[in-house]
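Now, the feature entries from TrEMBL:
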DOMAIN    49-511  domain 'Major facilitator superfamily (MFS) profile'
TRANSMEM  129-148  transmembrane segment
TRANSMEM  160-179  transmembrane segment
TRANSMEM  185-205  transmembrane segment
TRANSMEM  217-240  transmembrane segment
TRANSMEM  246-265  transmembrane segment
TRANSMEM  341-358  transmembrane segment
TRANSMEM  370-391  transmembrane segment
TRANSMEM  398-417  transmembrane segment
TRANSMEM  423-449  transmembrane segment
TRANSMEM  487-506  transmembrane segment
């Protein structure tokens, strides 16, 4: 009797018994397979989700670029010696106010037109303008690492995005009430701290639910929103020039997004999966299928990590498994991801120095500041379109190399142009626009490229560190811009050429799946 019970017990515990129906064993599929077979790789659900998450990029573009206008040098003029007289107190041909008596001139539009005029950031203190911009990007560098890690851990993609957008809104408004330069620097640093994580979190959140064949095109989409944000703040700055009013007005879009749009975003199903929350991931996948007009996902289908798909032990669809965790240390321990990480960091640094440097260098071109910044933003958009068109045809690697070298060549050409008259100023401006065109394409490609180089459990941590390199390049850019003349163009040209050379050592990721775990990536690379 006991032997019979033992036999029955063994039979009940053996899920692979031939007496069990094959239909009782769930079929495990990866996220990419489920999107392709059952949910749709890019339908209405993914489009809506991508647009909502990408709007955070518009906000980042506004918070990053607003300082170009808030910290600008306003026009000034000589005062008359006495009321009703036409004799000026200073030479009208003076090119700078630094050698003039303080009582002999005044700012047009009053002291409150910019931070430079209100806080006296002129002459010997002019370096403080570049300093506050560098400090903002230093905040971005720290925030990218902190929030990149948080979004991979318990806070999640959506929770982290909500946090950074709320902080952006608060600090953006508080900046307008800065009583002195030190307070202004503090609030710009805090704004950068939150803004630094916005783009990468929104990018990953928007693209992770997209299927493999659409990932390249979808991954380029957020950059249109970023450029639109720059164009929007150019328009706001043109019509609202007092810097305090400008900061309040530029924070209104953040208030709208946090209040009315953020609640409609969903968490990433990939994050649920790697955290062991299979039920929650399956619910999101079911919503995607229904919204995309697909039939319900069959009962015998269950999501699994790529490293689990080939295992012999089946999972239940309602399993709640232990979370698979990963940190930046795991990236550095693996020979495969370590070399990718260091190359990605270096390439991001070079591309960032060129991109932000050319944007900030608009103040040195001697043309209309608002028009120039707006044209830079407009020049980026066809670069994104062209890059998206060729990305899935030529591959990530050759497009990244080509765009960096394109930008580098025109930056070097701009360094050779002497802006001795208006015609040559226009030529140099065109070189800058073409440089922005090329490097904007690189920027958008790198986000897609680097996302595909790392598995889900460490993706945001790795991209967060790569984004820190972006901010380090941005910190360096204002220092180079202050040098003026042809030096900035020469430095940015060299950065573009060097960055393209480093990309040659990265592997191609076209038509390869997004891996979930380090084991899944290593197994695939070993084949």
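Using the three backbone atoms N, Cα and C, a Cβ is placed for every residue, glycine included.
Below 8 angstroms of C-beta separation, residues 49, 52-53, 55-56, 58-59, 62-63, 66, 69-70, 158, 161-162, 165-166, 168-169, 172-173, 175-176, 205, 232-233, 236-237, 240 of the same chain, each at least six residues beyond the ends of the transmembrane segment (246-265), sit close to that stretch. Here the transmembrane segment (341-358) sits against the transmembrane segment (423-449); at least 3 CB pairs are under 8 Å, leaving out pairs fewer than 6 apart in sequence. Under 8 Å from some Cβ of the transmembrane segment (217-240) lie the Cβ atoms of residues 42, 46, 50, 53-55, 57-62, 64-66, 68-70, 199, 202-203, 206-207, 210, 246, 249-250, 253, 359, 370, 373-374, 376-378, 380-381, 384, 387-388, 391-392, 440, 443-445, 447-448, 451, all in the same chain and six or more residues away from its ends.
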